[in-house]
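The structure appears below as structure tokens.
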């Protein structure tokens, strides 16, 4: 959605449709954000970092919606005059209105990429909390590498905007930004930014795939979670559609089409992030009564850590002993009475896990 010079063809989208999509996307995503926050407070009595990023992303959507409420008419007026459907003489404020709309679109473009980045970060920090139950260095390296890739991608998308075709005087835009070099640059940056959007989404999906590969769960639940996390493919599809149709419709990118799909993709990303993180999708209706998690027994002697961590089956802690019971969103320490035995227990109960040995060492109670 880089800088877009006035098109030479009629707008692909009607103004009424555009306004309906902009406001509808904002409203639907708001409902999911409210539901997400309500579930968080009901289940845990607090919000998490990933929730904050979703809220920030939705605020970007809200600001963009307000901008389009005042500037959408100028967008379609500019397209109508550029395509010959209207004469500039029909609107004496055409030049100033167009300059104002193009400058406002700078904010819309930055908000668009920022909202996508915050949703990606929401996924990242949601998965980061799941990784707190799997102590493996490779997974953490993977997480940090993908986080860096997301930030770099956002900087590239913000940096390759052709600002001079948005903030310059109308005369400069009308003469310089309709030349073949400027148009080619717009199309190239559209493709590059779309590729970065899709690639970072694919990288994000690799994190839950790696987590599920490490834990012990039934095949049915594994496939269900793969399907849930793969919902991010939907946002990839919207990103590709946004650019693909423009590439085949005309030489110059159609601003109405680009801005319409740019108003669709962030709300869809918000909705999907809420679906993936909803606690109800992971939990049981009836929590199991037994204690799950890792146990700590006091060490003998007065040196080193006072506790020795052992798993539920009595063996030393290892990656292979982790189950989805360990991948939890809210941990707290609790102490069992008697015999100096302690446990780190989750208040959450995740999905059913595969059968495992429940025999504990002497002195360790279930």
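Yeah, the Cβs are placed from backbone N, Cα and C, and that goes for glycine too.
A TrEMBL annotation is a machine prediction, not a hand-curated record.
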Per TrEMBL record, range annotated transmembrane segment [choices 225-245, 288-308, 309-329, 330-350]: 225-245
Residues from the same chain, set at least six apart from the ends of the transmembrane segment (51-70), whose C-beta lies under 8 A from its own: 18-19, 22-23, 25-26, 29-30, 33, 36-37, 40, 104, 107-108, 111-112, 114-116, 118-119, 121-122, 125, 259, 263, 266-267, 269-270, 273-274, 277
Overall pLDDT of the domain 'Rhodopsin' (36-283), taken as the mean: 86
